[in-house]
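Below: the structure, in structure tokens.
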Amino acid sequence: MNFMKAIVAAGLVAASTSAFAADITGAGATFPFPLYSKWADAYKKETGNGLNYQSIGSGAGIKQIVAKTVTFGASDMPLKPEQLEKEGMIQWPQAMGALVPVVNLEGIKPGELVFSGELLGDIYLGKVKTWNDPAIAKLNPKLKLPSDAITVVRRSDGSGTTFLWTDYLSKTNAEWKAKAGSGTAVEWPTGVGAKGNEGVAGNVSQTKNSIGYVEYAYAKQNKLTYGAVINKAGKTVQPTVAAFQAAAANADWAGAKNYFVILTDQPGEASWPITGATFILMHKEPTDKAASGEAIKFFKWAFAKGAKMAEELDYIPMPDSVVKLIEKTWSADIKS
Amino acid sequence: MADMAVQSDVMEASGPYDRARALNAFKFGDVTFYWITRACAISVLLILGGIILSLIAGAWPAMKQYGFSFLFTARWAPSADPPVLGALGPIYGTLVTSVIAMLIAIPVGLGIAIFLTELCPQWLRRPIGIAVELLAGIPSIIYGMWGFFVLGPFLADSFQPFMIRLFDGVPVLGSIFAGPPSYLSLFNAALILAIMVLPFITAISVDVFKTVPPVLKEAAYGVGCTTWEVVRNVVIPYTRVGVIGGIMLALGRALGETMAVTFIIGNAFRITGSVFSPGTTISAAIASEFAESDGLHQSGLIMLGLLLFVLTFLVLASARLMLMRLEKKAGN
């Protein structure tokens with residue numbers, strides 16, 4: 001009997017340790033979910049360690065990591081340094097995405113229509129009402145645009161995408177900043193709300209003379225007509241991976257405390273102005289040090305080997321210079 | 001009764017018959033049964049009370065901050081500092097969509113039910129009956145997607161421009177049916193709701209129409225009534241209570257429907273006179289914003305939930321009152 005008991009006990013211990021090893025749990029932003037699950041899948045094949053990520057939204061992810069119910073939290077909006085300090089947490093950007101303005105206009109090809117942040121703000125404020133408005137014509141002297149009313153499409157659900165979009169409009173349009181401001185859900189002066197990136201993409205592709213904003217991947221996959229944008233340096237840029245990475249590389253990561261950088265409207269002639277990073281949040285002194293160490297191993301692996309997978313899913317990997325900084329942060333700040 | 005007879009047979013066979021003991025056993029069984037069912041019934045009250053309490057607890061910060069002005073403010077600005085939240089937009093949208101939905105669904109639903117029970121040839125009964133049941137079985141997200149991809153564009157391209165032109169310049173109707181046409185609007189959401197609540201009204205009406213004693217109808221036909229007169233003066237008055245019950249069930253669904261409405265209403269916290277402009281409902285607002293909300297914003301959303309709860313309660317309570325009055329009248 002004792003022998004049997006020993007076997008059962010050994011089995012239990014083995015089961016609990018193996019469950020332990022696979023026990024990296026995370027929760028948060030929906031935007032990086034496809035990427036994290038693809039990484040987790042490849043990582044499991046390589047190391048046998050799994051990752052359980054629940055995409056429940058940035059706000060809920062922050063709540064979960066503060067309550068220490070998960071090993072890491074994920075948010076599309078960086079936390080302010082004071083808030084991080086108060087909770088004893090660190091954060092770093094894990095991957096990037098970019099937003100593009102998309103339109104449904106007859107005879108207009110992708111990348112032809114040029115916008116500025118101020119103009120986009122005025123359209124979303126409802127001040128520029130028709131496509132032949134002088135403000136649009138001024139930036140697009142060669143295009144023939146219809147006199148039809150503009151249908152403004154935006155997200156109805158609270159989202160990190162909306163935060164980036166409204167943050168960009170706030171930085172480039174003073175009236176937008178005063179009237180609507182920036183946030184995951186704001187007081188929209190005009191327009192119809194659709195659910196999710198897919199909702200906005202679907203709505204724009206269906207509605208003639210409409211404008212919307214979606215993540216680059218959705219514009220690409222749905223073959224939507226995207227517009228070019230004039231950036232902070234005054235140059236007209238097209239949405240390309242190079243332009244997104246330029247925005248990240250030109251951002252002042254080293255000078256920012258706790259990587260508190262919002263990537264919209266960054267300097268640099270090649271920078272795409274509506275770029276954003278998605279962040280990982282962890283405790284400096286985790287209650288479960290083993291799980292926390294496993295999580296760091298996973299993110300290290302993702303930086304080293306996950307770049308290609310990210311690009312396949314139309315995400316943008318962090319530039320090497322930023323990755324080096326982040327790895328320094330890990331060894332300095334996380335106790336394991 | 002048959003069971004009891006069998007049991008007492010068994011008892012007699014197994015030994016000397018003790019009447020008092022047998023009665024005691026019955027009594028014990030009855031008491032146990034009474035308490036079990038009573039506990040089940042009371043659990044409903046407990047659950048309901050728990051839901052109300054947790055809603056109030058969640059909404060408390062917003063209640064303290066906004067008080068009654070929450071009900072009359074039309075602005076919804078969660079990112080302002082401090083957030084300005086008002087429920088007037090969602091309340092307006094909820095009421096407008098539900099009222100329009102009921103205006104469409106009640107006559108159509110009753111029409112289907114009357115046709116099915118009074119006029120329909122036997123061979124057509126099953127297909128129509130099954131179609132109605134299938135309508136009830138379609139998940140709401142499918143209604144939402146269909147509304148988004150098929151109904152919305154159709155209404156915006158064909159129906160809405162027609163209505164706008166038709167009522168252009170007419171005093172009140174002109175502003176109710178005002179442009180521009182929109183794929184996502186209060187009216188489109190109301191139409192989807194009407195289709196979704198139709199089976200509730202139809203199925204319940206069919207069931208209660210079948211309870212009308214044939215002799216009543218035959219007597220009416222016998223004195224020379226037309227089918228319309230039979231329906232109007234015999235069937236409807238006889239089943240009034242049941243029909244209203246079905247309508248109230250449908251209204252409850254229309255008030256609380258979330259997914260389909262979120263897809264097609266346009267989710268704009270605005271009050272314009274036109275039913276062709278985007279709006280929002282209480283449940284759509286909560287579903288849209290809850291995941292990414294925190295602090296006062298989330299508390300405000302929970303308060304919206306509490307409001308919907310109260311609104312639904314008021315509707316059901318007034319329905320009960322109305323039924324009571326009708327029954328009293330019938331009694332006199």
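Glycine residues also receive a Cβ, built from the backbone N, Cα and C atoms like all the rest.
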Transmembrane segment according to TrEMBL, located in which of B:10-28, B:238-256: B:238-256
Positions whose Cβ lies under 8 angstroms from the transmembrane segment (B:162-179), at least six residues beyond its ends: 272-277
Segment proximity, the transmembrane segment (B:300-323) to the transmembrane segment (B:238-256), 3 or more C-beta pairs under 8 Å: yes
